[in-house]
Every structure is written in C-alpha cells, then in structure tokens.
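Written out below as structure tokens is the structure these notes cover.
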C-alpha cells in the first residue's frame, strides 16, 4: 500500500459504505420516486424471463412485445441470450418477479465487485478496503447505476471480455481460465448480445501485432458454439433472428431519444439534416473505426502489458458505443475500465475527465425529452447530451495521433 494512501483508508471506507448503502436504498426502496432520482422498474429483467419462456414454449419470440410494469417492449437479444435467461423464467414461476429481480440484482452486484477487484489487481493493489472503495466508485457511476436499476446484463458481458482479454498472463495460465482458449469468453458474450462482436477488431489487431490468430479464432469459436447451441434447440427462431430481426434497429426504440448516447442519435436530433444524416453517420462510423484501430494498434505495438491490453480493449469498446444506432445510457459501462486504464497509463487528466463524465457529467439523463423535445433543443443541450461522445473522441484522438512511449519487447 502506498504510504500516502494509508491516511485516506478509513475516510474512504466510510464514504464507500455510505455510497453503497445509498445505491442499495434507491434500488430496493425508491421505486415510487420521480425519475431520474427514483428507480425505473427493472423492466429488462421482465423482458428477459418472458423471452426465455417464449424461446422454449412458442415460435413468436421476436414477433410480440412483452408486458412490463413500464411499457410493452420487444425482446432484442440473440436466441442464445434467451437460452441464458432460462433460469430467470424458472425463478419467476417459482417465486415471482420481486425475487427474480433481486436475484438478478445480486448477480450484477457480485459481478461489479469482481470487476472492481480485477481492476485494482491490475493496478497492483491487494487490499479489501480499497476493493470495496473501487466497488462503490463503479456503483455510483451512471452507466453501472442505471444498469443495476433497470436490470440490464451489461456488467456481466463486460466482465466476460475483461477476464478474457486483460488478465495478467501468470494469472491466466495458473487459474481455471487456462483451460479456456483466448477469445472464447468474448465470443460467448457476443452470442448473448451482439455488441461484443466489436472486440473482433481487438483480436484482429492483436493478430497483426503478435502474428498469432488464436484470439480471433477463439472468439469466432465461442460465438459459433454458443449460437449453435441455440440453433439446435430452436432452429426456426435462430434463422428468423439472423436473417430478419438483426437488421431492424427501429424496433428497439426512437433513435433520437435523449438517453440514446450515440453518433446516430446526435444526428437524428437534427431534423434539418434530413437524408444527409444517414450519410454523415456512415462517414462518422468509418472514421471512428479507423481511428480506434490505429489507436489500439499503436498501444499494443508499444507494449502488450495487462495495462495496455486493458486500454486497447476499452478503446475498442467505443466503436460499438459510438457507432451503434442505439447505445442507451446504461450501455456505457466500459467507461469504468477505460478510466482505470487511462490512470494506469499516466493519462491522469483524461481519467479525471472520464470520472466526472460518468458521475456529475452524465447530462443526457437530465435533459428534457418528453414529447420529442430533443428535436427542438437549443445548441448547448445537444453539446451536453453528447458529453460521452466528446470525451470518447478526445481519448481516441490522443492515442491515434498523439506521441506514444518507445516500443518495448513484446511479451507473448
């Protein structure tokens, strides 16, 4: 433990305890409060368990909308996702929605704690107090907080890729993951929800740097194996998803919605752009992919340390977040690992900016959005709503265009 940190250990622990208690109180008891201070009901858990039931008992998984306490919503995940959610259906039928939501919330909390411990271990810190402090910091970040509140699976998917990619080699080769080829966990995550497919870019760049394709092949194998399992059980539903549902983004919701934090959303809020918005989006997507690929390549070419792998994979996550037509505010959980990676690689000001962005700077959660008000915002509201995007663009520019440390010997 760094001596200068020792004096902050007790006050940090007290603050962390109060923070976690506050988060749990708002999650467990604040449903009646007004949004955004109160809790949006865990509607995603409701969709998850109903989707699992529909996967096994009917053929209209993607043809109907599911009744929740908030709205009627579609199931948007791949068939393997419905298969993974099957235990939620069983728990719901045995104990009801409240217990189902609490079990899912507990899994999310435990996963968040595991991620916090993992990130601290990368920083060389092994201390239960600081692990709890890091856990509290993740919980109070807006993406994780709202992921917990609405019952989303984002943290669990992120954990699969983190443990797959950024584990120190000594840990990976000595633990249970030594039996799991590199890339497989990320492939499984992508079979649950397609957005982790973006990490194929990371493994492709890793192939270029190390001359070894095993990570990319492992990811492809994990995705095909998990998806194939769903195909075995429900082939017709799987065919429908990959040939039809996959290409219908509008079924997810209005693209201009304030809490859709993506490039496409920014453009959709400017109706004066008309059809040019689609062209501008495609150009922006191409630029983001190129810039992130260059940045990740420069990082991995410089050093294949766990810190750099964490930084590179966190940067690659921005491709999905920025370029997807729909990136809801709770999808941005990868900003947490990115902030840690920035700090560990001595980009402290960027890390502090990121910490502000995911706490007090999550302006999109508080901007007016009733009755399509986003379409008439003044210019400064558009800027505030794009805060995550601006931060991401600056970070990407720093690593794609800025000066990098001297190249060191690669460790395989």
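Even glycines carry a Cβ here, placed using N, Cα and C.
Feature annotation from TrEMBL assigns transmembrane segment to 12-31 (among others).
Residues or ranges marked as transmembrane segment in TrEMBL: 103-124 (among others).
Residues or ranges marked as transmembrane segment in TrEMBL: 179-209 (among others).
The transmembrane segment annotation in TrEMBL covers 215-233 (among others).
Annotation comment: TrEMBL describes 279-299 (among others) as transmembrane segment. Sequence-distant neighbours of the transmembrane segment (279-299) (same chain, 6+ residues past either end, Cβ-Cβ under 8 Å): 201-202, 205, 208-209, 263-264, 267, 273, 308, 311-313, 315-316, 318-319, 322-323, 396-397, 399-400, 404.
Per TrEMBL, transmembrane segment is recorded for 311-329 (among others).
Among the features that TrEMBL reports, transmembrane segment is placed at 349-367 (among others).
The transmembrane segment annotation in TrEMBL covers 379-402 (among others). When Cβ-Cβ distances below 8 Å are used as the criterion, the transmembrane segment (379-402) is approached by residues 258, 261-263, 266, 269-270, 288, 291-292, 294-296, 298-299, 311, 315, 318, 321-322, 332, 335, 338, 342, 347, 350, 353-354, 357, 361-364, 367-368 of the same chain, each at least six residues removed from its ends.
Same-chain residues lying 6+ beyond the ends of the transmembrane segment (349-367) with a Cβ under 8 Å from its Cβ atoms: 36, 140-143, 146, 258-259, 261, 329, 332, 335-336, 338-340, 342-343, 374, 377, 381, 384-385, 387-388, 391, 394-395, 398. For the transmembrane segment (215-233), the partner stretch with the highest count of Cβ pairs under 8 angstroms, out of 12-31, 179-209, 311-329, is 179-209. If one looks beyond the transmembrane segment (179-209) by at least 6 residues along the same chain, the residues whose Cβ comes under 8 Å of a Cβ in the stretch are 77-78, 80-81, 84, 153, 157, 160-161, 163-165, 215-227, 230, 246, 289, 292-293, 296-297, 300-301, 304, 312-313, 316-317, 319-320, 324, 331, 410.
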